[in-house]
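In Swiss-Prot this protein carries:
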- Ser271: active site, nucleophile (ACT_SITE)
- Ser309: active site, proton donor/acceptor (ACT_SITE)
- Asp311: active site, proton donor/acceptor (ACT_SITE)
- 1-21: signal peptide (SIGNAL)
Amino acid sequence: MHYLKFPAIIAGMLLAGAASAEGPRARDLGVPFAGKPGANNAITDVAGVEVGYVSLISGEGKLERGKGPVRTGVTAVLPRGKESRTPVYAGWETSNAAGEMTGTVWLEERGYFDGPMMITNTHSVGVVRDAVVGWLADVKWPGAWFTPVVAETYDGMLNDINGFHVKPEHALRAIQTAASGPVAEGNVGGGVGMQCFGFKGGTGTASRVVEMDGKSYTVGVLVQCNFGMRPWLRVAGAPVGEELAGKYLPETRGTQTAAATNNGVAPGDGSIIVVMATDAPMLPHQLKRLAKRAAAGMGRMGDAGSNGSGDIFVAFSTANANVQSVGGNVISVETMPNDKLTLIFEAATQATEEAITNVLVAADTLTGVNGYTIQRLPHAELRAILKKYRRLAAAK
């Protein structure tokens, strides 16, 4: 597994926070990207943002509900870190709503959320949400009620998803271990059991720095990828999915059949959650527009948007520390004029594309329930395909 150090191994379950980066990322393999990345090329390049993970991996063989195999986890994104009590302006959008992101009704109505933003598997949304409510009540705000933002993608191809292995303490640990700096990628956090374009999926991140009128603004993206059909996949414009259409396909190893594992999931069905952060001063309606650009980044990867895919996006701004002002009838906030947003939109598109590509590069082959195995995207063949289509850049 790339980009991850495990600080603890408990009863076969791997628990980790946001760890230092190790191993290659997409740029290291010569994948070309437009735009200037931040220092870590991660969502944490937006000052104050912290990311934490808990990755749960245990058991092997036949699926036994409640026992495993377990291939799942939790991801936490804290817009202003663990210590801040200040909400962030935010907006959300979807390009295909076959999924869930809690808290969006209230987010849409008031234009901000309290944080943290959590991502897990489809059937663990409730327990993670409840854990966050408890954390907010105990640690952050003495408020009357909370509506946390918790999103999901489906990991039932590899994970005992109906065994409910994600517990409140896992969500809390993801929050408590969240950190700034380099961010782990691949088979980590909520992304442990995911697939993407028929290869191993998971978690990825990227960022862009935009210069405007003598000022620098950063846009960071974190994705949990579980979407796309193999023939669609394009990397830097090269038809990687077509070139590898019959190779490295998911398979069942052992006595079980694929039918015993896929639970009727149609090809292309899956999901992607995209979290965007920026320090550019933007209001909720502008952040909703920013969130929409995730679909453009997905399109650069060749995605067409399948019927059963839950493609849900949220964007927030760390500017304007007086979002929730107490006292007074008027507050003053800063915002960028709409005619200055195009470069921010472009940065979000670029960072989304690179974050997804980083997932495919970082994620390792993983075997889960009933011996079902999802192969990693082979690095050498990716480079060969990029070279064939004259898209290979010098490795970073």
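Using N, Cα and C of the backbone, Cβ positions are placed for all residues, glycine too.
Mapped onto three states, the DSSP output places the residue listed as 'active site, nucleophile' in strand.
Under the DSSP three-state reduction, Asp311 (active site, proton donor/acceptor) is assigned to strand.
Under 8 Å, Cβ to Cβ, and six or more positions away along its own chain, Ser271 (active site, nucleophile) finds Ala98, Gly99, Glu152, Thr153, Tyr154, Gln224, Asn226, Phe227, Ser309, Gly310, Asp311, Ile312. With the fewest other C-beta atoms within 10 Å around its C-beta, Asp311 stands out among the active-site residues Ser309, Asp311.
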